[in-house]
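One structure below.
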């Protein structure tokens, strides 16, 4: 049953310094680029900006999927790929003095390479302008093989560019994949993480789950075991918060104590880096391996 009560106290958090948030917002407008921090209204964005970390959203603000939890635009034709986007993002990284950057993207099932090439081009542009900046990738699943490149080929392009970490979020337990992740599958996401390890075992892999959609503790633990079976190194666990009334409702607010328990279970299962808490998101404290 969905919850309609007010947010628990542990989910209320100040946004951080207004000056840091406004600086990033101004640069985003200036360069015509996008961040998932702003598009997804992340509660941690002020904290991350203060730590010189940001997550850039590649390939425009419109997704070809329609996941029921996500704030990102969907439902109409995506924009043409901006060939200047890598250069613009690199300029923003340099201006902000970012030490750690996460690159993610909307799903672009309409493109022959599903957007993999834009990840590679953006990594190259950032490294040219800011050679000391580390780059983490948070990719879609590249499972729509209608184009010229298979899922494995798309992933291989990015792995060859040697990101500091390769992140792909499983998002929820097996039973809830259909209603939560329209267009994605549990097996396809596990295959992304397995493929990265097959191509380069030295690149750390990472995944994340949203809790509060109706999953049980037993289902969460089974999902963590599945992630470890494909060699996933790092994990984030956070509370699902619907961006609007038209998104999937919350079924349960997991307490900080429950998150701590799950985090300890994850460490016992062998994850090297674990961030588990109500306001944790997939890029939260990413520079620390979280």
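Including glycine, each Cβ sits where the backbone N, Cα and C put it.
Bear in mind that the values here come from a model prediction, so they are computed numbers and not experimental data.
Now, the feature entries from Swiss-Prot:
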BINDING   37, 42, 48, 283  [4Fe-4S] cluster 1 binding site
DOMAIN    49-272  domain 'Radical SAM core'
BINDING   63, 67, 70  [4Fe-4S] cluster 2 binding site
Cβ neighbours within the same chain of residue 283 ([4Fe-4S] cluster 1 binding site) - under 8 Å, at least six residues apart: 36, 48, 53, 55, 102, 104, 136, 138, 167
Sparsest Cβ surroundings (other CB atoms within 10 Å) among the binding-site residues 37, 42, 48: 42
